[in-house]
Amino acid sequence: MDSRREVEESSTAPILESKRTRSNGKGKSIDGDHSPPHAATVVTTKATPLQKGGMKKGIAILDFILRLGAIGAALGAAVIMGTNEQILPFFTQFLQFHAQWDDFPMFKFFVVANGAAAGFLILSLPFSIVCIVRPLAAGPRFLLVIVDLVLMALVVAAASSAAAVVYLAHNGSQDANWNAICQQFTDFCQGSSLAVVASFVASVFLACLVVVSSVALKRT
């Protein structure tokens with residue numbers, strides 16, 4: 001009887017060991033199944049800086065395009081106003097009817113302000129290109145925000161003062177006994193109005209530049 005029990009125990013021992021090895025193999029396969037999610041999380045964490053840099057590069061390209069638009073509008077406003085004059089075909093022995101932009105101090109300030117804004121915007125183009133090449137750099141973008149804010153204030157002030165003169169030229173002022181001159185100097189008034197509109201367009205471009213650069217700085 002003892003020999004039979006020893007034979008049965010010896011025969012069942014390999015079966016138990018095989019079951020244990022199978023269970024261990026299943027455990028290893030379960031651990032192996034958990035490894036791909038860890039690898040996926042590592043890939044996602046590495047991809048986030050690339051997505052962030054791509055977004056900033058797109059913002060930098062938009063900044064460059066808006067900067068070109070602001071240069072065109074400000075330079076156009078300065079050129080139109082700086083070449084604006086009209087001489088009426090009739091004159092008397094002592095008087096000639098002539099209207100020119102430098103007869104008004106506000107128009108002089110307008111030409112200087114828009115010309116300076118166009119010049120500084122041209123000088124800022126290399127910094128905008130640096131932001132495209134290095135989208136994560138915060139120093140050049142912070143400098144552009146400061147310059148754009150100053151230029152926006154300058155252009156808005158110049159456009160507002162010139163708009164007041166253009167309004168008086170079109171409508172006059174009964175209280176001050178100022179007559180409207182745009183009925184006689186039609187071309188001069190049209191040129192002045194077009195320059196003022198271009199200057200306000202430049203100020204809108206500059207405002208968009210400030211917003212775009214501020215958003216890019218906030219995401220750094």
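Glycine too: its Cβ is placed from the backbone N, Cα and C atoms.
Placement of Leu88 and Gln184 with respect to the membrane, taken from Swiss-Prot, is on a common side. Non-local neighbourhood of Asn171 (N-linked glycosylation site): Ala180, each in the same chain, at least six residues away, with C-beta under 8 Å from its C-beta. Tertiary neighbourhood of the topological domain 'Extracellular' (163-194): same-chain residues 80-81, 83-86, 88, 97, 99, 101, 104, 106-107, 200, selected by CB-CB distance under 8 Å and a gap of 6+ residues from either end.
Within its own chain, the transmembrane segment (142-162) is flanked in space by residues 63, 74, 77, 81, 106-107, 109-110, 112-114, 116-117, 120-121, 124, 127-128, 131, 192, 195-196, 199-200, 202-203, 206-207, 209-210, 213-214, 217, which lie at least six positions past its ends and keep a Cβ under 8 Å from the stretch.
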